[in-house]
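Reading through the structure tokens given below for one structure.
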């Protein structure tokens, strides 16, 4: 017994600290909650995103819709640079008070800064706002990755980011100066702070502030956020505090500042958001610019915007769990509400595209043997439309303005040139891409706001009988413009007028491989021979 007792004494545990072997299993890791840093080609995610979107900005050399100039870049010239207004310069939307100045004011401040630095060249005036949009898009890409990283697995986050960068429509839109682009960026950033089920990054003040900004920029942003706001209200424990201390103060501040800015520039008290709702929804004025059947967004609009991601998106929807339900509801709700409006455009559903990329990322993460072939196919099938629409399709609208810039040089042209654009209204930008007080005229097409059923806009009057319009508008040689810009599909109809008044073709500029209606394959510039 004594021997046994001595052995226990020798084996008595020491009071000294004992070093434990470090567990390699992730279950014992203390860094499990730290966000993982993704590197691409040896650089950080942020650096890669910025470089990628700047490259996106440089390789986007085409036009999309008139609003990317006429609701943004054209307005700062009147606000800050004091470019002389000419015939038809101010569109009906600004005259009717349905467009706010908050978004153009952002570019006006950039213009003013360039002007004070004596760097207000045409190139910088056009390129700097687009670089700004590119940087915002890059930031939204990074935040979307981090959102999914916190909400899902690192694999899903990685493939969501891949899908976001591959998206041809995001490439086509994200660096344009469109209100839809800013709406999409703000919606993505707001989603990163929204209390999604299981998310740990929610912050009511931040997401509500971003939603308010999105609504100020484009009131239709509220359509996307209505189901999300309702969900937040339902899950919030202190509903009264959410409404009285969060929603109301933030919304009131955003609406107050927006109203003040708009009232200053309009020169009268005005509520742009109400006018926007009244004209576009209650009076349905937008139908003047075209209409589509109710199912268009489901059968064409959203599938085209999602593009080659569509099979992955549908597969991702089938993998959705209860926590993903709110995003699916938001996508369906937004598409359904926009389907009720007669006037439809692809860009209107752009704000829900990042939501769709999350489901596409879930699909790629789920695939095993087919993951690499699917990713390669996705990249290829998005690359083709991205490069074609960014470099080739509808580039003439910008190239023709570049060709006309030499008229701003007094030593390189006759005194006071006058330009006439015989094209569908707002086919090209104007002063934002010329930056000099030339006398310009284009065909106007404002909708009728008086209820006159026999109303016909100037553009329709012209295209119904081009020769008659030209002869009545320019009865003598002294009233003729020095330059005429037109699509080639119109050339044959007005050839007698051009020959009679000694106009000669100066340039032919490619525009599109898919001419349609009043839009031709090429843009022509005619100049009066006696002015050479």
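Cβ from N, Cα, C; glycine included.
Nonlocal intrachain contacts for the transmembrane segment (121-140), taken as residues 6+ away from its ends with a CB within less than 8 angstroms of a stretch CB, comprise 46, 49-50, 52-54, 56-57, 60, 72-73, 106-107, 110-111, 114, 170, 174-177, 181-182, 184-185, 188-189, 354, 405, 432-435. Annotation source TrEMBL lists transmembrane segment at 121-140 (among others).
Residues or ranges marked as transmembrane segment by TrEMBL: 207-230 (among others).
Sequence annotations record features per position, and here TrEMBL assigns transmembrane segment to 250-274 (among others).
For 294-314 (among others), the entry in TrEMBL reads transmembrane segment.
With a cut-off of 8 Å between Cβ atoms, the residues of this chain six or more beyond the transmembrane segment (326-342) that come close are 196-197, 223-224, 226-228, 231, 280-281, 284, 286-287, 291-292, 294-298, 301-302, 317, 320, 348-349, 351-352, 355-356, 358-359. Residues or ranges marked as transmembrane segment by TrEMBL: 326-342 (among others).
For 348-367 (among others), the entry in TrEMBL reads transmembrane segment. The list of residues near the transmembrane segment (348-367) in space but at least 6 beyond its ends in sequence, with Cβ under 8 angstroms from a Cβ of it, reads 140, 144, 148, 152-153, 155-164, 167, 169-170, 173, 180-181, 183-184, 187-188, 191, 220-221, 224, 297, 301-302, 305-306, 309, 312-313, 315-317, 319-320, 324, 327-328, 330-331, 334-335, 338, 374-375, 378.
Among the features that TrEMBL reports, transmembrane segment is placed at 374-392 (among others).
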